[in-house]
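Notes to accompany the following structure.
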Amino acid sequence: MPDPVDNSPALWAEALNWPKPDGNKYDRGHAVVLGGPVASTGAARLSARAALRGGAGLVSIACDPSALMVYAVACEAVMTKPVKDAETFAELISDPRITGVLMGPAAGVTDRTRTLVLAALQAGKSCVLDADALSVFEGAPDTLFEAITAPTILTPHEGEFVRLFGKVTHREADAVAAARKSGAVVVLKGRDTVIAAPDGRVVINKNASEWLATAGSGDVLAGLCVSLLAQGMPAFEAACAAGWMHAEAAYLFGPGLIAEDLPDQLPRVWQGLSLGHNGFNVHG
Ligand SMILES: NC(=O)C1=CN([C@@H]2O[C@H](COP(=O)(O)OP(=O)(O)OC[C@H]3O[C@@H](n4cnc5c(N)ncnc54)[C@H](OP(=O)(O)O)[C@@H]3O)[C@@H](O)[C@H]2O)[C@@H](O)CC1
Ligand SMILES: Nc1ncnc2c1ncn2[C@@H]1O[C@H](COP(=O)(O)OP(=O)(O)O)[C@@H](O)[C@H]1O
């Protein structure tokens, strides 16, 4: 295994998709977030807001028709799309302008979640799988791995990682082995988040604050991942950038952070990246 590299903008800043003076929202990607059922809508809303703040031009939450009004009332710039079953989900995401799909946050460990995840992967969409979209494959992880053909990011915490890949003994080596086995970029979350690619590249995110140990902060990270993926960044660079920007947002907010605070720190993170924060000047 190559020595893990510390995460920093120098690794991925060139791959960020900055808005163009003559561009429009479609140039910045359309991310779809699968929403959970009517009583569990917060996680997908956090992800969707993070996806917009992460720079995606359009973000939609796709949800069961029974939950649509909750999302529609709670969301403003984020759009809502009803999805009855795998067929309607496949039809929705067949739009070539939909460039990234996030599934998992509070989606439910259900047959519906498993079916919709497989439908998105089989459609060849760039996907981010988090939380329940990972847990639902416990006991049958090969069904998931065999369906992964397009750029995909998995964002497990250690509990979710164990369900798919078994015990964690050495976080860096285990994350690399998991990326090789699944064919996806694996973001093994924790105090020091490990980001591993199927080709063996491995990066460690060391700028995280312990205030990130709060409900929903992983949903924000998943939303950032799908945002950058939908904007056309390669999966490994998107995952590294998302991990760094997520931690930087927490640092900029400081003590007392809850997950809702993270997306609204992202403009300051973008400003820092564009102005040469941390010694790195994106615009030269
Ligand atoms: N606002 C909302 O709507 C929110 C909704 N959310 C939604 O809630 C659902 C459940 O998600 P979840 O992560 O809370 O629970 P689950 O999948 O049962 O795994 C937890 C078990 O794994 C283990 N574990 C080991 N290491 C771990 C670690 N580093 N971090 C955490 N756990 C670790 C640990 O086992 P232990 O170590 O205690 O034996 C623990 O018992 C899911 O749909 C999610 O999206 C949340 O996103 C919050 C905001
Ligand atoms: N002690 C810690 N120090 C730094 N970052 C942490 C710590 N604990 C958790 N995190 C980060 O917070 C996020 C938690 O994500 P997750 O466990 O999926 O929570 P949730 O499901 O509630 O959103 C991850 O990005 C993880 O790396």
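If you go along the chain as it appears here, the first residue is 1 and each next one adds 1.
A Cβ is built for glycine as well, from the same backbone N, Cα and C atoms used for every other residue.
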Would you identify which residue of Gly159, Gly218, Gly223, Gly232 TrEMBL lists as part of the AMP site it also attributes to Lys189, Gly190, Arg191, Asp192, Thr193? Gly218
Given that TrEMBL annotates Ala43, His157 as (6S)-NADPHX-binding, name the residue from Asp95, Asp219, Asp261 that shares the site. Asp219
Out of Lys189, Asp192, Gly218, give those binding-site residues positioned within 10 angstroms of His157 ((6S)-NADPHX binding site), comparing C-alpha atoms, in sequence order. Lys189, Gly218
Top Cα neighbour of Ala43 ((6S)-NADPHX binding site) in the set of binding-site residues Lys189, Gly190, Asp192, Thr193, Gly218: Gly218
With every protein chain in view, what's the tally of Cβ atoms within 10 Å of the Cβ of Asp219 ((6S)-NADPHX binding site), excluding that atom itself? 28
DSSP says Asp192 (AMP binding site), in three-state terms, is coil
Counting every protein chain shown, other Cβ atoms within 10 Å of the Cβ of Lys189 (AMP binding site) number 24
AMP site, defined by Lys189, Gly190, Arg191, Asp192, Thr193, Gly218: further same-chain residues with Cβ within 8 Å of the Cβ centre: His157, Leu188, Val194, Asn205, Ala208, Leu212
